[in-house]
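One structure below.
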Amino acid sequence: MNHKFIALLLVVLCCALSVHQVSAEIPSHCTLPLATGTCRGYFPRFGYNVEMGKCVEFIYGGCDGNANNFRNLEECQQSCSV
């Protein structure tokens, strides 16, 4: 019984460390949510989608966004590449 608990604990620790390592490699501004903002503009932009692990296009309204907002795919990939 004690060996099973230790094995389970090791698995959990390994998973936690691997998640921490991946998130540490991605710049913090790239982990922000894709924010359309509160204005009604229509500006195609790119942002890093953490769940997909890549830059994706989204529509930015023109104000109140965040730093995960790039004018083109290349800028996003250069800033958020792992």
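Heads up, the Cβ atoms here are built off N, Cα and C, so glycines get one too.
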Task: Cross-link partner of Cys80 (disulfide, per Swiss-Prot) out of Cys15, Cys30, Cys39 - done: Cys30
TODO: Using the record from Swiss-Prot, pick out the residue from Cys55, Cys63 that is joined to Cys39 by a disulfide.
DONE: Cys63
- [ ] For the disulfide involving Cys55, grab the partner from Cys15, Cys76 as Swiss-Prot records it.
- [x] Cys76
- [ ] Sorry to bug you, but what's the C-alpha spacing from Cys55 (disulfide bond) to Cys30 (disulfide bond), rounded to the closest Å?
- [x] 9
Open item on the list: From the DSSP assignment alone, can you count helix, strand and coil residues within the domain 'BPTI/Kunitz inhibitor' (30-80)?
Closed with: 10 helix, 15 strand, 26 coil
- [ ] Around the Cβ of Cys76 (disulfide bond), how many other Cβ atoms lie within 10 Å? Please give the count over every shown protein chain.
- [x] 23
